[in-house]
Structure formats: C-alpha cells, structure tokens
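Note sheet for the following structure.
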Amino acid sequence: MNNFTHISDIEDLQVAVKEAIDLKQDELKFKSLGKGKTICLLFFNNSLRTRLSTQKAAQNLGLNVIVMNFGSEGWQLEFEDGVVMNQDKSEHVKEAAKVIAQYCNIIAIRSFAGLTNKEEDKAEQVINSFKKYAGIPVVNMESAIGHPLQALADAITMEEFKTKHKPKVVLSWAPHPKALPHAVANSFIEMMQLKEAEFVITHPVGYELDSEITKNSKIEYNQEKAFEKADFVYVKNWSSFKNYGKVDNIDASWMITSEKMKLTNNAKFMHCLPVRRNVIVADEVIDSKNSIVIQQANNRTYAAQIVLKKILE
Amino acid sequence: MNNFTHISDIEDLQVAVKEAIDLKQDELKFKSLGKGKTICLLFFNNSLRTRLSTQKAAQNLGLNVIVMNFGSEGWQLEFEDGVVMNQDKSEHVKEAAKVIAQYCNIIAIRSFAGLTNKEEDKAEQVINSFKKYAGIPVVNMESAIGHPLQALADAITMEEFKTKHKPKVVLSWAPHPKALPHAVANSFIEMMQLKEAEFVITHPVGYELDSEITKNSKIEYNQEKAFEKADFVYVKNWSSFKNYGKVDNIDASWMITSEKMKLTNNAKFMHCLPVRRNVIVADEVIDSKNSIVIQQANNRTYAAQIVLKKILE
Amino acid sequence: MNNFTHISDIEDLQVAVKEAIDLKQDELKFKSLGKGKTICLLFFNNSLRTRLSTQKAAQNLGLNVIVMNFGSEGWQLEFEDGVVMNQDKSEHVKEAAKVIAQYCNIIAIRSFAGLTNKEEDKAEQVINSFKKYAGIPVVNMESAIGHPLQALADAITMEEFKTKHKPKVVLSWAPHPKALPHAVANSFIEMMQLKEAEFVITHPVGYELDSEITKNSKIEYNQEKAFEKADFVYVKNWSSFKNYGKVDNIDASWMITSEKMKLTNNAKFMHCLPVRRNVIVADEVIDSKNSIVIQQANNRTYAAQIVLKKILE
C-alpha cells in the first residue's frame, strides 16, 4: 500500500480486518518492521484518540514518532498555485511537503473540513497537496471529507461483535449544537458499501449527505422504522451538506434513547467519540452493556497499525 | 502500588526514599521493566520540572512516553454526571479516561486547583475521575490539592542532606504577587508527618492551611522564632485557604533573607521552583552554598522513577 | 566540541562538511553513541525544519529526545540579574537552565531576535544565559543573531553541488512584507568567510548588515552585477540593521527571477526556507532544476547530526 487516504486504498477490507484482529493477540509481533524509520504526525486540528492511537500503533511497529501541531508550532501554509505570497502565509505546501518528506518515511495528517466552501472541502486540498508533493506515503488522520482510519476501526469492531453473517447496520444522525464535518459519516458509509450487511442511513429530511458518497445506500427518514431489527446502531452528527456547514436542525427527538434501542435486535451502540451525552445519546444507552464505544476506540490502534504495517511492507 | 495520587500511596516512605537514592547510582538498571509499555502524560496546566523529569524517569525505565497538552490539543472535558452536554464541553471524562486507558499502561495527570471553589478543589474532580474510570494506574503530577511527586523528591533531598537523625524542618510561607495553589505545601506537610523530625509551619495569621491536612503539626506565627535552630528551611507561597484563593497578604518582610537564615542552624534552603527571586527569596540566599534547590529539582526524576517502578512491578 | 552556538565552534569546517557527507551514506552508523542519553529541544519560537531535522538527527544517534515549547508549555523566564521578580516572569534562567541540565545531556535552544533593541539582540541573552548556567553542552537552533546549523547545512549543500574549486557565491537580499531577523544571513556570511570562494553580498543601500559580521566581505549594491557569473545564488530577506528591525524597503525589483538567474553561470538557487513564492523568488526559479532548496533542507539533518555526534564524542 502506498498511501492510505481513503478506505478504498485497502485492497481487501475483509482480509485487513482479519489481520487487525489477529494483530491484537500479539501487538508487538512486528516491532522490528519500523526500525530506523520515522513517522511524522501533523495535526492541523485537535485530536485525542487519533493522536494517541496512531502514536501507539507506530511504537508497536518500532517506528520513531515525531508529533507536530502544525498550526501552533509551524508556519501558516499556502496551498494555491501561482500566488504572490505577501499576506499571512509564509510557506507553500510545495516546499513544506517536500521538506517534511526528507525527515521521515511516512506522513500522517489531520486537517478538518472548513465547512464554509463545499467545493474546497471536496477538493481535499491539504491531504491531496501532501500526497502530490511529499513523494512518500501519506496517511489520512481525518481529512475534510473522510476519516478512513475510523471506518477501518469500525469495521474491525463490527467484525468482533457481529452475531450473524449479514447484520443490519443503521447509521443514524443525531442532534448537536455546533457544526460538525461529514468525514466520519462519509467514510463509514463507504466502508459499509464494501461489506455484506443490510445498511440503512437515517436522518431528518434536508440532512442528506453527498449523493456521490451515499450512492445507492438506503435512506430511511423515519428513525424508528430504521431502528427496527437493527444489530448495530452507529450514531453521528453532521452539519447540513445541502445548506453547507449549517446547523439547520437540533431536533432533540433524534437523540438515541433506550426506548429507541428497544426497537432494535438488541443492537450494539457505536459512536466514534467524542460524544455529547444527553444530546447525541442518553446516558442510559452509552452506559449500557450494549455500548461498545470503548472497544471501538481501542480498535483505532489496530486500524492504524495494520495500515502502517501494510505501508512499511 | 496501584495508583500514586497521594504520598500515602507509598507503603513505606523511608524505604522508598532509600530505594530512590540507590537508583541514582545506576539509573538505567531497570531499563527493561517498561519495555513495550506506554505512559501518557496529560497536562491540563504548564510544567517544566514535572514535564521533563517524568519523561526522563519513564525513559530510564524503558517506557514509551506520549505527552499531551490536554487543554490545547484535545477536547474540553465534562466531569459532572447526568449533564445535558450542549455547551462548550465536547467529551465526558467517562469516555476520555476509558479511551486513554486503551492506549497506555499508566496515566499521569497534571491539573491545578481552580482556586475559586474550595469544595470543588478539595473533591479533586479531575484526578479522581481518571482514577475512577481509567481502570489503569494513575499518577498525580500535581492535582488541585496535592503534589506528592514533589514531596517525595523533597524527602529524598532531605535524606541526602540531613546531618542529624531528627532535624528541625521549617515550612515557611513567603509573599507572591499572584494566587498560588496549596498543593505543594499540603503534600510537603503530609510527607513531614510521616518522618522523624521537628516540624514547624510558619505563616502570617490568616494564612492557615486546611486543618484537615495540618492536623497536629506545629504552627508558629513568628517567622524568626520558627527559624531558630532550623536545619532545613522549605519556602513556598500559597494563597489564602480561609478567604479561598485570594492574595490577602504580600508582606515583603516575610521574604527569606540571609539575615533570617543566620537564625538557623546553618540550614539548607529548599524551594520546589519556579521561584521569584527577591520576592520569595533574596538572591543572596538562593545563590548561597546552602541552597539545595537544584539538587531538589534533580530528585524529581528519581521520585518519579521509583513511583513508576513500583507501579510497573 | 563543548557547545555549538556559533559556526566557529566547529574546529575545521571543511572536515566537518566531509564527515557529514559521509554520514549520509549510513545515517544510523552511530546509533549507539547517544544510548541512554537525552537531548532537550527548547523552542521559544515556531519551527518546522529545525524541529523535525534535529529530532531526526538525535534519533539517528540513539538519543532520547524531549521537545518542549517553552513559551506555551513552561514559565516565562527572567534573564536580568538582581531583579525583584514581582511582575509577569515567574522563573529566572539561572534556575531554569540548571534544572533542565539535570534532566538531559544536551540542551538545544531556539530563541529569535526581538528586533526591537539591537544591543539586547547582539548580547544573545537567551542562549548565552543557558550556556552560562546549564553546565552542559548547548546547541543553537537559531538565536537572536545566528543560525549556525543552517549555515553548516548550507556548507554541506554547496560542497555537494559545486562544480569548481572556488565557486562564486552571492548572498542576495530580497523583499519581504514583514520584519525578519538577521540570523540566517549572519551565519551564512561567517561560514562563507571560512571557505574558498568568491563571495559577494548584494542588497539595497541602507540594508547593510552588522559590519562586525560582514567585515571585509564584498558588498555590491547592484544586484544584477553581483549575479554575473555566480555559481550559487543564496537568497534571504532581512530587516534593516541600521534602522533596527524596520522594513524600509519592499522593492519588488529585488525578487529573484529567471531573467536574473540568466546572468549567472547556471547558478544553483538556495534559500533556507520557509520562502514566500513570488515575493522573494518567482515560481519559475524555485521550481527550476537549478533550485536545490529541498536538498538544502535535507542537509539540516546531517548538519545537526554531525554537531551532536561531535558533542557526544
């Protein structure tokens, strides 16, 4: 594998999921694979799980890790071609990417959506510029429109907890006071489209995600109907895609409650975290034995580790 | 040892002090103890000595170290139960603590007192929440009301510099322009209560510390009288406990001068640092040969190392 | 070598350059040299190349690396003697330097010029205070008036790309919207004064650098004349030295264009980066095959590594 910027960069998702589960039995098995090599983790945004799990995964593979908060520790980057750089930005990504590539063997990047300009976000300027200029493998730690490491961890988690060959999986929108990106939902959908499952997306009318991503995935606007007989309920807020980046709806009736979970087939509750309790999900649900959010977070290490392993090999 | 959040978590202080002093002879002796294990250092506040010495101690034990400035790099945490999280805080400590525990073997935390609400600070919400939810060992790198790694380093330093079995040790308040927490003074007192010494606390009237901590320790309001025949003078400012978190007194006559040190039995001068020169202590004292503040800071490494060693074992 | 705060700390520049080039063939050759030792990288200012390359170099030598952003993570430092520290600064460099030296074997420091007080900047208060008090080797990662690691990388790069024994090297000023320090230009000049080359400095009238540094180096105010038959064009902006720290001139005609490069002997284009495209240099020049800025950045690792190697030995 050369880059991991999209879930489709993994040749065979099902095989990778199995390898990741095997890896959990002996996470230091490939300790010598990264010896003498370095990964740079570049954060343009805050992070908890991604920051820690990717470091852990890299250390498990024997990689040296250099973490950099690009916004506060480096220089403001210009991404446009041909600009006269006489304003605030003091370095062009052409130089930054090529230079960083001199000091490491893999670059991992987190750069969230701006949520103000749909076309800019869809262009994935930051991660694509690094891919274009770095000349070394680039890993997506959440870009403007995708979070494939999360989706891979989700796939691992569902594989571990599923009780039937073809489970029913519901991706449900839930309300949130602030505008959130579409990245997690997008990558979850793209991952689900590769799996054998009955997959349903549910959200209020007007909260449709990018149809280029949802494609033929089933959309059910009635949340309760969507929950019927579900084996997994995956919850996530996103801001409007149509009215780009806006919070049009904070309808509290979309929060996940135990009442709603009763409609399911004893479904497991999933969320990528961080999660706002009693806004996205009631305490009673996230604190229930059916909540697997912690196991899901734990799998972030093994998702990152299998990706880095494939890149190193 | 499971956690180290209070000096009393050490079973036998005197033995631990001796072990730490032995460790200084060969600080890499237990290099393989932490192999393949990871410690996360979580900073909610600034740090110099704690940040560097704890990293050094962990590396001496072969641990992988992940440092995170929680405030600027992560998400704002909610600590209250049952809250509808529709304000600024985007993650509950229940998830944060459990998640971080997936990625490491030990969590060390620095989270200072807010100094606005006495009961909240006394409840030690941050460190106690991590202890409650993480399920792995938690180390206190200065909490709202205690700084036991500092107290342990202080004990090591006094053991190295004492010239008699039962020295006289004075903890003296000194003036400071800004409100400082009680953590260092509290832990120093609790540590002294475990040692054979003649221990005296001196401070202006009204600057009494929490009586649940000072207990029967002697308080002498006359600083000069307290200094008489002292073998160690340990200086520290703290804000008012009664008039909680306020700076009621900046009486410069409480500054430590060489004149005052002449009242002592050639006492060693100690301070946890950072220290404001010519406010807390005159240059002539901190620059004198009796000042052991640098050796004291050096012992922070061995205090942390003996604690981490006991946790790993 | 005890400290590396100035290019003259290297006993024989030409030998060091050769050693660095050899090192590139097997960068992990001295992996065991730093074993069990620690370097602290202290940043008082932002950094990309220096941050990453110095970490890389240290890891190549087997050193443990502790990175600290002093401004945001530590305490504000006082550097003056005898001050009553009752204002914003909570720690004196006397303690800070001595304390940090307890936790590591080498201290590397970045602290830019303030550009408001010429005498203060020339006094190099930060790095000289650390040198004075730390008692362990100190490495300059760009100080108020010098950036010798950059100059050493520049020397390595010129050695690799030169096609004649005594090349013509031009240091050219170029315009920039904000006030920049003199450090890079100063160290480049001091390095060039140690080399066999025809060295010319070109800049607008009034932009003379410190004559104590330029000494007898040739200054040519006509940029085009300076470029004639040049083998290397090294470009850098600096603010006025005379009208200290001011931007008196942003004359766009000083930008490096391909037209100007045609006056040279097919010269290589060099810049320390970050560089503002189409302000300092036209896209056509930095994107040309004669641009060696990336190779120059890569040599930052080997400059740092040869310096750290000499200190460790």
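Including glycine, each Cβ sits where the backbone N, Cα and C put it.
Those TrEMBL annotations? Automatic predictions, nothing curated.
Checking the candidates B:K215, B:K218, B:K236, B:K310 against TrEMBL: the one annotated together with B:E142, B:H176, B:R276 at the N(2)-succinyl-L-ornithine site is B:K236. Under DSSP, B:K236 (N(2)-succinyl-L-ornithine binding site) is assigned to a strand (E or B) in the three-state scheme. DSSP classifies B:W75 (carbamoyl phosphate binding site) as coil under the three-state reduction. Looking at the domain 'Aspartate/ornithine carbamoyltransferase Asp/Orn-binding' (B:184-308) alone, the prediction's average pLDDT is 98. Proximity to chain C, defined as a CB-CB distance below 8 A, holds for B:S47, B:R49, B:R276 out of the binding-site residues B:S47, B:R49, B:H147, B:C272, B:R276.
Contacting chain A by the Cβ rule (under 8 Å between Cβ atoms), the binding-site residues B:W75, B:E142, B:H147, B:H176, B:C272, B:R276 reduce to B:W75. Recorded residues B:K236 (N(2)-succinyl-L-ornithine binding site) and B:W75 (carbamoyl phosphate binding site) have their alpha carbons 33 Å apart, per Cα-Cα distance. When the binding-site residues B:E142, B:H176, B:R276 are compared by Cα distance to B:R49 (carbamoyl phosphate binding site), the shortest distance belongs to B:E142.
Neighbour density at the Cβ, taken as the number of other Cβ atoms within 10 Å, is lowest among the binding-site residues B:L149, B:C272 for B:C272. Reduced to three states, the DSSP call for B:H176 (N(2)-succinyl-L-ornithine binding site) is coil. Secondary structure from DSSP puts B:S47 (carbamoyl phosphate binding site) in coil. Proximity note: of the listed binding-site residues (B:W75, B:L149, B:R300), B:L149 have a CA within 10 Å of the CA of B:E142 (N(2)-succinyl-L-ornithine binding site), given in sequence order.
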